[in-house]
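Undergrad: Quick one: the structure is below, questions incoming.
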Number of protein chains: 2
Amino acid sequence: MADRDGGEGEGGTVVTPSAEFPPLDPDELRALRRIGDRWRDARRGRPPGADLLPVDPTLRRHPDRPAPTRFGRLAPIVMFRVGEPDELVATEPANLPGSRLGRAATRLRRVLFGPPLSSAAVLYERMRKLVALPVLSSDLLSSVAYGPEAMLAVLLLAGSGALGLSLPLAAGLALLMVAVGVSYRQTVAAYPHGAGSYIVAGDNLGAGAGLAAAAGLMTDYVLTVAVSVSAGIRAVTSAVPELAGWTVPLGLAVVGLLLAGNLRGVRTAGNLFVLPTYAFVVALLALLAVGWFRAAGRGFVPVDPPPVSAVEGLGLLLVLRAFSSGAVSMTGIEAVSNAVPAFRSPEWRNSRTTLTWMVAMLVLFFGGLVGLIHLSGLVPTAEQSILSQLARVTFPSGPWYGLIQAATALILLLAANTAYNDFPRLLFFMARDGHAPRRFLHMGDRLAFSNGLVALTVAAAVILVAFRGHTEALIPLYAVGVFLAFTLSQAGMVLHWRRRRGPGWRRRATINAVGGAFSGLVLVVAAVTKFTEGAWVVVVAVPLLVLLFGAIHRHYERLHRSLALHPPSGGPAPGPSVVPAAPPAAGPAAPEEEELPEQVRHLVVVPVARLNRASLRALAYAASLGQPTLAVHIAPEEPEADRFREQWRAWGDHLRLETIVSPYRAVIGPLAHYLEALHASRADLVLTVVVPEVVVRSRWHRLLHSRTEQRLRAALRRLPGVVVTSLPVHPGG
Amino acid sequence: MADRDGGEGEGGTVVTPSAEFPPLDPDELRALRRIGDRWRDARRGRPPGADLLPVDPTLRRHPDRPAPTRFGRLAPIVMFRVGEPDELVATEPANLPGSRLGRAATRLRRVLFGPPLSSAAVLYERMRKLVALPVLSSDLLSSVAYGPEAMLAVLLLAGSGALGLSLPLAAGLALLMVAVGVSYRQTVAAYPHGAGSYIVAGDNLGAGAGLAAAAGLMTDYVLTVAVSVSAGIRAVTSAVPELAGWTVPLGLAVVGLLLAGNLRGVRTAGNLFVLPTYAFVVALLALLAVGWFRAAGRGFVPVDPPPVSAVEGLGLLLVLRAFSSGAVSMTGIEAVSNAVPAFRSPEWRNSRTTLTWMVAMLVLFFGGLVGLIHLSGLVPTAEQSILSQLARVTFPSGPWYGLIQAATALILLLAANTAYNDFPRLLFFMARDGHAPRRFLHMGDRLAFSNGLVALTVAAAVILVAFRGHTEALIPLYAVGVFLAFTLSQAGMVLHWRRRRGPGWRRRATINAVGGAFSGLVLVVAAVTKFTEGAWVVVVAVPLLVLLFGAIHRHYERLHRSLALHPPSGGPAPGPSVVPAAPPAAGPAAPEEEELPEQVRHLVVVPVARLNRASLRALAYAASLGQPTLAVHIAPEEPEADRFREQWRAWGDHLRLETIVSPYRAVIGPLAHYLEALHASRADLVLTVVVPEVVVRSRWHRLLHSRTEQRLRAALRRLPGVVVTSLPVHPGG
C-alpha cells in the first residue's frame, strides 16, 4: 500500500523527502545569478585570505571526537562521515537531541517504532495483479460487511413487511456499481500516472473542484477508519457478546495500534494483505454457496421474517435513504485509480483488469448476501451483525462461523489501514501544492508521514467517541464524502474527453457522464435524506475545508511571492545615503539595497540591567564585532539611574551608555520604542540587540526567572531592521 | 495600610521599585574597576573615532517623531523626554506594547485599574494614633465576629450542658491575650523599624526560623482572607437568609473585588478604614451595654439554652480544642508590630499605646460577648451567626440589628483587605532576600505588587471553594500558622534580650518567654487537637514551604555566585592560544579570558535551507560583520544536496558552503552536533549562528510554519560558546 500514488502534480507522483526543498524555477535561478554578480562586484576589493576560516569545516581532523559536554557525553562515536567534497553525512547518533528528556523520548520512540530509516530506503515497488487485488480490494470488499445491513436497517423502519424491497434496491445498486466501475475503467486508462479524484477534478474542473474532491476524500478516509473499525469490532462482539460494553475503548485501542503500526512504517505491505483478503473471499463464497444451495433445497421459498412493527411510513424518502445507505458498499472502488503507477507494466491495462475483477466480486457478494438474507428471513438487530446471524444460520456448528467472523474482522482492519496509507499521501500532495500545511511534507525518521498519521488518528478517534462506536450511526455521514469525490472525478473525465476529442471521445464521455450522473444522484439523495441524521456534518465540513485549503494556499502564495528571488531592478546599487522616503508597497521587507553585505550599516545595542559577568560578556561580545556599540540601561527611577551611571564610570565608561528612566517600571515597551526611534532616525541602520540569556537547566528553576529575554525578543521581532542576538550564559555548578 | 513596613533587611524597610536592581557590594565594585582597567589596556591601540555612533542616542533630533510602523502608528506623541545628560525619560505612551492585542489588553487594564502611576508616587505617609487604631485593628477586632462562635461550636459537641465552660475558657483566653499583648509591647519597642515575625525570628533564631515564621504568616494571610470573607458573608446571609445558597459565588466575587481594588492600588487607605471600624466599635459597645443592662435587670440569671444532645464526650481534648478555636480571636494582634515605622514620632511609644488600646478592646469585646451569649442562652446554629442571634435578641426592632450586621460585614472586608496589603509586602521582603521568586519584587504600573496580589487571591479562592465557604470548617486551619509566627517571634525576642543584656533584660526576657510559652502551648494544642479536622494541611504545608524557600534561596545564591564579579585572578590575560585543557570546575561558563573584546574569535555560521530573499539577507548580514563566515545546508538525501550545491555555484559561491546529508531527515540534531564538533575543534571560538526568522502576523498563520527557528534556538542554547542571532524577515503584504 505504501507504493500507491495518490496524485500527480508538477513534481510527479513520486513521494520523496526532498519535497520539503523545492527546486528553484528558471526565473529564480537567473535572479540568483545576477544577485551573485552584484556580490562579486561589491566584494572585489577585499584582501586575499579574508575568507579563510579559523576551523576546518569538513571536520577531517575531528570526525569522531565528541565535545566534552552533554551533547557528546553519550559515547565516542562517529557522528559524521565525509561524503563528497564539502559534504558530510550525519550518522544515526547525530540525530539524538541534546536534552536528557529529549534523548529519553527518542530512545522510547525507537523501541516502539524501530530505528530510523534512511531516505534511501523509500521503495518504488511494483505489484503483480494477484498481489494488487487483495491490497486494493480490502476496502471495497469489506464494505459488504456493513452495507447490506445499513440498507436493511433503514427499510426495517417501515416494518418487516418492507424488507422485501431490498431485492429491487440491490438490483439498482448493482447497476450503480457497474456504471461507476465502467466509468473508473476509463479514468484509469486515461491517467496512467495516478488518477486520484483530487488530481482528475483539479486538472479538468479547476483547483476549487480538486479541493472539494480532496475535502470529500478526507472525510471519506476518516470515516473509513471509523466505520471499518466499529464494524470490525461488531464482528467480534457478535461472536463474543461479553465484549459488547467495550466498543469505544476497543475502537480506540485498534486506532492506536493502527497509528503505531503505521508510524513504524508497514513496508512491503502487500504480503500482509494477501491472506486475510483471500480468506474473506473464500469464507464469503462458502457462505453464499452453502446458503444458496440450502435455499434451493427449500425451493427458494423465503422464510418469514419475525414481525417488526413500522416506526415510519413507507415512502419514497425512506426507499431513497435505504438506497443511499446501501451505496456505502461502494466505498473503496476508487482505490485502484490512485494506485495505477504501482502496477506492473502495462499499468493501465493491469489496473483496469483488476478493477473489473473487484467490481464483479462486489456485485456478486452484495447481491448474493442481500438475496440470501431475504430468503433466510433475517432482520438487523442491535446485538449481532446480520452477517454474523447469516453465518450462524448457515453453519450452526463447526469452526466455520468463527472463521467467517475472524476473516471479517481482519479485512475490516485492513480496510482501515488503507485509509492510513492514503490520507497522509493525499495531504502530502496537497501540501506540495501549498493547499495544506507544509509540515505534512515532512517524513518522520521511519519514512512515514507522521503528522498526517496523527491527524487521521485524532479525527477518527473523535468520531468514534462522538458516535459511541455505532456503525449504523456513522453510515449517514459516510456516503456524502465518497460520492462527492466520485462525482467530481467523473465530471472531470467528461471534460477531459471533450477537450481531447480523441477517437471515440463521445462514447467515453457518455460513459463517464452516466457514472457521474449516477454518483451525483446518490450524493444528492444521501445529503438530502440523511441531512438531519448526520450528513449535515459532512455537508458543512466540506465547504469549510475547501475555504481553509484556499486560505492556506493564499498565505503560502503571498509568502512565496515576497521571499522568492526576483531579478534585481538593474543598475548599480544606490549607496546607503539613498534611503527610501516611504517604504515600498511590499512592506518593510528587505529593500533591494540591503542584499549586499558591503551596504549593511551596523549599530550594536546592548541592554544592560545590572553589571555582572553575563552583561560584561554581552558587552565584550558586542564590542568584539568591531561595529559601533551603544549600551542602554532602563531604570525604574531617577536614583537608580544615577547609581547605575556611577557603576558604569567605575568600570571605565568604555562604551557609550544611554540610560532611560521608565517611571512606570516597564522595560520591554520603552526599549522597543527607543530602538524604533533610533531606527527612525537612520532607516538604513541594522540594529543588532545583544541580549544575554541565563540558561538554567531544570524546568522548575526556569520559573524563578522572569522571561525578559523571550518577551523582549517577541516585542522586537515585529520591528523591521532589528536583529536580536541571544548570548547564552551558563551559570556553573 | 500601604505604608506599613513588613520587615527590615539589609536594604531597610523601605519598599522601592529599585529593589529589582540591587546595588553592587564593595568587592564587586573593586572587581569592576579592575576589569575596566584590563579593557582599557587592551583597547588602547584603537583608532580615534572608532567609538563614534552613527546615530544620536539621545534622540535630540527626533524626540517626538514616531517611526512609520505599527509601534508608532498611534499618534505623533512624545515618547521620550530628555532628562540629565545621557538620559531619557520614557513617557506613558512608551509603555504601550507593539501588538494590537497587547495594546487592547493594556487599554482594558487602564480602564479597570486606572492610568499607570510613576515610581515617584510611592508614599511614605505617617499615621496619627487615631488613624492608626482603625487601620491596624480591623483585623484583630473583626475576629470577635467568629472567635466566640468557633469556641462555642466545639463545646456544643458535648451537648448544651457543656456551654457553661465558655466562661472559664474566656477568662483563660483573656489572660493569653494580655500575655501576648504585653510581650508584643516589648517587641515593638525593640524593633522601631518594623518588628514582623519574619524579621524578628530570622534575626535572632536564624534564617530557618524566619522562614518558618514567614510560612506561618503566609498561611495566616491566606486564611485571614478566606475566614474574613466567609464570616462577612455569613453576617450578610444571617440577615438575608435568601442568599444562603450563594456563599461560594459571593465569596469569590468579594475576593475578586479585593484583587481589583488592590491592583488599582488603594492609596491613603487610612480614611477608608476609620468609619467602618469605629462604627463596628460603637455598634458592639451599644450591643454589650444594652445586653448587660437587661441581664442586670434579670439579676444576671442565665436563660437556659435549648437542649442539644451530646455527640462527643466532654474530655480534656474537647476543652483544649474549644480553647484553641477561641484563640483565633487573636489573629491580627501582630499588625502593629509590622507597622511601627508608619507611626508618627516617637514611633515606638505611639505604636505601643495603640497596641495597648487594641488589646484592651479585644479583651472587653471577647469577654463581654461570651458572657452575654451565655446569659442569653444562645447556641450556635447553621443558619445564623451567633452575633446575629445576639443582635436580634437585644434589638428586636428598629434599625440597630441591620446596622450591627452591616458594620460586621464591612469590618470583616477590611480585615481581608489587610491581608491584601501584608501578603505581597512579605513576599517582597522575602524576594529581596532571595527566598521567593524575584518577580515578587516587581511593582506593577499602579505601584502595586501585582504578582503577590494574584498569588494571594488564587490561594484564598482555592481555599474558599475547597471548604465551600464554611467559616467553621476553616477555623482549625487558622490557629496553627498564626501561633507559629507568634511563638517564633517571642522566642526570638528572648534571645534578643539575652544577647543585649541591657538594663532589666531578665524582666523583659521573662515577659517575652511567658508570651512565647503561651503561644507555643496554643500552637501545640491547635496542631494536635485539630490535626484531623484540617490542621494537618498547615502542619504539612509549613515545612514544605520552608523547604521550597530554602531551595529557591540556594538557586539564587548559586546563580549570584556564578554571575557576580570577582576580582580577576591577576596578571596579563593569556592570549587566545592558551585554551584550558579541561573546563574549570565552575562549568563552561565564561572563563576569565573571554571577558575582553579583543580576545573574542568569531566564526559566523549561517544555516541555509533554500536560497531565497530571507536566506540571502542572512548571508549578507553575516558577511557584513566582517568575520569568517560559513554556510551550512542540511539535505535529506544526496540528490538534494547536489542540487543545492549547483544553486550555490550559480549564485557565485561567495561564501564557503558545507552540506550535511541527514539521511534520517532530522535538521536540528545534526546541525547542533556539527556546531558542537566545530566548537570542540577550536574551543576559544565563539560561533554566531545567524537564523532568518519569517515573521508572520496572525497567530493562525504561525501554525502553517514549522517552528524550526525556535527549536533550533532551544537546542543550541545548551551549547557553550554558541550565540544565536535571529534575523527577522517580514514578508510584505
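Using the three backbone atoms N, Cα and C, a Cβ is placed for every residue, glycine included.
For B:1-27, B:40-67, B:570-595, the entry in TrEMBL reads region 'Disordered'. For B:58-67, the entry in TrEMBL reads compositional bias 'Basic and acidic residues'. The transmembrane segment feature in TrEMBL is assigned to B:153-184, B:205-231, B:243-260, B:272-293, B:313-333, B:354-379, B:399-420, B:447-467, B:473-497, B:509-528, B:534-552. As annotated by TrEMBL, compositional bias 'Pro residues' applies to B:570-586.
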Undergrad: Under 8 angstroms, Cβ to Cβ: which one of B:153-184, B:205-231, B:313-333, B:354-379, B:399-420 has the largest number of such pairs with the transmembrane segment (B:272-293)?
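TA: Most contacts with the transmembrane segment (B:272-293): B:399-420.
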Undergrad: Would you mind listing the long-range same-chain contacts of the transmembrane segment (B:205-231), meaning Cβ under 8 Å and 6+ residues beyond its ends?
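TA: Residues 139, 142, 145-146, 196-199, 247, 251, 254-255, 258, 328, 331-332, 385, 412-413, 415-416, 418-420, 422-423, 426, 430, 435, 456, 459-460, 463-464, 467, 469-471, 474-475, 477-478, 480-485, 488-489, 491-492, 495, 538, 541-543, 545-546, 549-550, 553.
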Undergrad: Is the transmembrane segment (B:153-184) packed against any residues at least 6 beyond its ends, judged by a Cβ distance under 8 Å, and which are they?
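TA: Long-range Cβ neighbours of the transmembrane segment (B:153-184): 305-314, 318-319, 321-323, 325-327, 329-330, 333-334, 336-337, 355-356, 358-359, 362-363, 366-367, 370-371, 373-374, 379-380, 472, 486, 490, 493, 511-512, 514-516, 518-519, 522.
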Undergrad: So which of B:243-260, B:313-333, B:399-420, B:473-497, B:509-528 has the most C-beta pairs under 8 Å when paired with the transmembrane segment (B:354-379)?
TA: B:313-333
Undergrad: Please figure out which one of B:243-260, B:399-420, B:473-497, B:509-528, B:534-552 racks up the most CB pairs under 8 Å against the transmembrane segment (B:313-333).
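TA: Of the candidates B:243-260, B:399-420, B:473-497, B:509-528, B:534-552, B:473-497 scores highest.
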Undergrad: State the residues, same chain only, that lie 6 or more residues beyond the ends of the transmembrane segment (B:534-552) and have a CB under 8 A from a CB inside it; answer 'none' if no residue qualifies.
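TA: Contacts of the transmembrane segment (B:534-552) (Cβ under 8 Å, skipping residues fewer than 6 from its ends): 208, 211-212, 214-216, 218-219, 430, 434-437, 473-474, 476-477, 479-481, 484, 526-527.
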Undergrad: Any chance the transmembrane segment (B:473-497) and the transmembrane segment (B:509-528) are in contact, meaning at least three CB pairs closer than 8 A with a sequence separation of 6+?
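TA: These two stretches do touch.
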Undergrad: Hey, which bits of the same chain come close to the transmembrane segment (B:399-420), Cβ under 8 Å, at least six residues off its ends?
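TA: Distal contacts: 1, 138-139, 141-143, 145, 221-222, 224-225, 228-229, 231-233, 235-236, 238-239, 254-255, 258-259, 261-262, 266, 269, 272-273, 276-277, 279-280, 283-284, 286-287, 332, 335, 387-388, 391-392, 453, 456.
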